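The active site, schiff-base intermediate with substrate feature in Swiss-Prot is assigned to 25; the stated evidence is sequence analysis. The active site, proton donor annotation in Swiss-Prot covers 58. Positions annotated as substrate binding site by Swiss-Prot: 57, 73, 74, 75. Swiss-Prot lists 25 with the feature pyruvic acid (Ser), giving sequence analysis as the kind of evidence.
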């Protein structure tokens, strides 16, 4: 059986640009792309924390260290500059692989500078 697990997440990034007439995609600061282990042109899910919108697109590289998170093309209608978003990607793997797999979690500040990384999410308690 193949399972779909969270591969990578950039948590609560701030949308810095929104380009309706660009060719689509989400441009992500190259430093964040690498830290998350995301590839250019990889399918990503975007979850807008500010307005609840959810959509998929593909990632492209923005300038390394720029802090750019730019939602482009038709997807630009789902965000505004300043919105908080979560960028996530999933990977398919066997049960044996899933038993030892840990995702790349990247956390950023309001300027999209990486603050820290992790490979697990704390257990939620009441």
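Here the Cβ of each residue, glycine as well, is placed from N, Cα and C on the backbone.
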Recorded substrate binding residues, 57, 73, 74, 75 - maximal Cα separation rounded to whole Å: 10
Cβ atoms near residue 58 (active site, proton donor) (within 10 Å, other residues, all chains): 14
Residues flanking the substrate site, with Cβ no more than 8 Å from the Cβ centroid of 57, 73, 74, 75 and excluding those residues themselves: 24, 25, 26, 55, 71, 72, 76, 77, 78
Three-state secondary structure, residue 57 (substrate binding site) (per DSSP): strand
DSSP three-state assignment (helix, strand or coil) for residue 25 (active site, schiff-base intermediate with substrate): coil
